[in-house]
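Undergrad: As annotated in TrEMBL:
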TRANSMEM  22-42  transmembrane segment
TRANSMEM  62-87  transmembrane segment
TRANSMEM  107-127  transmembrane segment
TRANSMEM  147-164  transmembrane segment
TRANSMEM  170-187  transmembrane segment
DOMAIN    189-257  domain 'Mechanosensitive ion channel MscS'
Amino acid sequence: MIDRAQLKTWLEQAGITTNMDLAMLVFGISLLVLVSYAIYWLSRLLIIRGIHRLLRRAPDRWYEGLVNTGMFKSVANLFPVVFLNLAVPQVFINDYESWLEPVKTGLNIYLVWAIVGIVMALSNVFATVYEYSPRSREIPITGPVQVLKLVTVLIGIIISIAVLMDKSPMYLLSGIGALTAVIILVFRDTLMGFVAGIQLASNRMVAIGDWIEMPSHHVDGTVQEIGLISVKVENWDKTVVFLPTYALVHQSFKNWQGMVLNEGRRMRRSIPLDTGSICTLNEEELDAICQEQMSTSASKWLKKHELSTPLSNVTAFRYVALEYIQNHPQVKTEFTHMVRLLEPTAAGLPLEIYAFSKNVEWVPYEGIQSDILEHLYALLPAFKLRSFQYLNPPLDKANGGDKAD
């Protein structure tokens with residue numbers, strides 16, 4: 001510790017003969033600050049070097065968790081405060097001895113928050129290591145980790161107040177019962193989010209990476225993060241939406257993850273046929289179509305599909321379209337697929353193509369869908385069919401009454 005007699009001699013040699021106690025106090029505080037700072041950096045350096053050696057052959061998740069979460073910095077904060085608790089009684093003496101208790105109180109509060117920092121850093125380490133687990137996508141722990149941090153901070157606040165008031169923490173906890181209603185009101189979203197997070201995880205309702213759709217909150221994109229209070233979703237237009245966690249429990253939403261797991265995405269498009277182009281095909285016309293499109297005779301083709309003449313060009317086109325879909329390499333034929341006629345409208349007779357693509361990713365999916373439609377549109381003239389289109393648009397559309405979103 002500090003040799004006060006030697007220090008007094010140094011100060012006298014430096015020409016300081018008055019206010020000796022104050023001068024020694026200032027010198028002692030300065031020395032404590034410098035030594036504490038040196039202890040902090042030295043302990044941090046030693047810890048980092050030691051851990052680096054231990055983690056040379058450890059999995060990446062442990063290196064990422066321990067090195068990049070501020071764990072070493074939090075642990076290194078303990079050593080200076082332990083040193084200061086031992087050294088301050090040697091500095092605050094004589095006329096300044098009354099300052100010792102407030103200083104030690106401050107150091108004890110600092111110690112409490114150093115421990116709080118370590119607990120929070122450990123929770124970050126656990127969360128980082130858990131992210132490398134395959135289960136992290138299905139059961140995220142962001143919510144429970146945030147709850148642990150919140151509880152740790154609340155405990156730190158209670159203990160700090162107890163140290164400041166020189167009371168037992170249990171004395172303060174006994175008065176919290178009267179504030180229960182206020183606490184519930186203040187932490188309403190937190191409590192509801194925590195309960196909702198448990199329900200989401202236990203029921204596997206949503207996971208990170210899922211594509212969800214929730215029009216009431218303008219959500220249509222992938223889940224990026226499931227937190228204690230909010231869920232972060234990145235929409236397809238690259239906007240980010242934060243919605244309350246409990247909204248996913250109390251309100252309906254669509255989760256497209258089943259589509260991804262089944263590896264089949266539904267295609268449902270229709271071609272509006274001009275009813276004025278519908279007619280009956282004679283044998284020569286049907287045989288020409290069969291030879292050109294199916295490389296077979298009309299009789300064989302009719303027998304294959306159990307059809308008989310006379311046959312309309314719509315019926316022939318519908319069966320040819322179905323064969324094309326069944327033979328398409330990107331159509332998942334084990335799922336429901338069909339080509340059907342819908343109810344006629346003022347915009348023609350809709351011919352609907354209903355099938356599932358093998359590729360569920362957006363860009364390839366749209367390509368497959370477009371490829372099918374383009375091919376079928378190109379076949380229409382061979383069957384004497386025309387797609388319906390307005391030569392003069394309806395009045396409401398011409399005047400801009402029906403605008404696209």
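Each residue, glycine too, has its Cβ placed from N, Cα and C.
Because TrEMBL annotations are produced automatically, they should be read as predictions rather than curated entries.
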Undergrad: Work out, from DSSP, the number of helix, strand and coil residues along the domain 'Mechanosensitive ion channel MscS' (189-257).
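TA: Helix, strand and coil residues of the domain 'Mechanosensitive ion channel MscS' (189-257) number 22 helix, 25 strand, 22 coil.
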Undergrad: What residues in the same chain, six or more past the boundaries of the transmembrane segment (107-127), come closer than 8 Å to it by Cβ-Cβ distance?
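TA: Residues 65-66, 69-71, 73-75, 77-78, 81-82, 84-85, 88, 141-142, 145, 148-149, 152-153, 155-156, 159-160, 163-164.
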Undergrad: Under an 8 Å Cβ to Cβ limit, what residues of the same chain, 6 or more beyond the ends of the transmembrane segment (62-87), are close to it?
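TA: For the transmembrane segment (62-87), the sequence-distant neighbours (Cβ-Cβ under 8 Å, at least 6 residues beyond its ends) are 1-2, 32, 35-37, 39-41, 43-44, 47-48, 51-52, 55, 104, 107-108, 110-111, 114-115, 117-118, 120-122, 124-126, 128-129, 132.
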Undergrad: Compute the average pLDDT of the predicted model within the domain 'Mechanosensitive ion channel MscS' (189-257).
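TA: Here the mean pLDDT over the domain 'Mechanosensitive ion channel MscS' (189-257) amounts to 85.
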